[in-house]
């Protein structure tokens, strides 16, 4: 059993790509950090744990299906969560969507009372679910997610609208229907309407605040 002084609460936030997961995660982090201090709460993105592809050619890397569970290094993520729970610091990998592989640098994270973990495939892995104290699924209509994703990938990741649409049709939507949507059944809380659902955010804040008492 984990020593009381080293307890780290893991809260999983999942949902479709561009559903509002990151907005909810960042809002919760920012508002709770202002209450308790950043030494007590942190955020980890599942995106940081895409598998290293430095051994592949660029031609091979660009074919990666980022919406399939096999693209994730969940074993490393689970190891890192267990390290945090045992009081150890971790080095979170960083991923380059331009190079389609991990960067050289990492982000150092010390033990926190609460870690907010966000990502599209979190609830698809039973091992990962077992590491969470509770989980949230952000339930946003796919057409809204597509519009948000197109804006994000064109503006922030330098992609063309045609390539974003092609990826959506070939992998994003099929993988959502095959893996992500079915994982909703494992969520403890379902949040409709994405990251601007203020009532849901306030309820989640109240729930998470209990872990700081």
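Placement of Cβ uses the backbone N, Cα and C atoms for every residue, glycine included.
Database features (Swiss-Prot):
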- 15, 16, 17, 18, 19, 20, 21, 22: ATP binding site (BINDING)
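In terms of local Cβ density within 10 Å, 15 ranks first among the binding-site residues 15, 20. A C-beta separation below 8 Å, combined with a sequence spacing of at least six in one chain, links residue 22 (ATP binding site) to 45, 118, 195. Considering other CB atoms within 10 Å as the measure, the emptiest surroundings among the binding-site residues 16, 18 are those of 18. For the binding-site residues 17, 19, the largest tally of other C-beta atoms within 10 A is found at 19.
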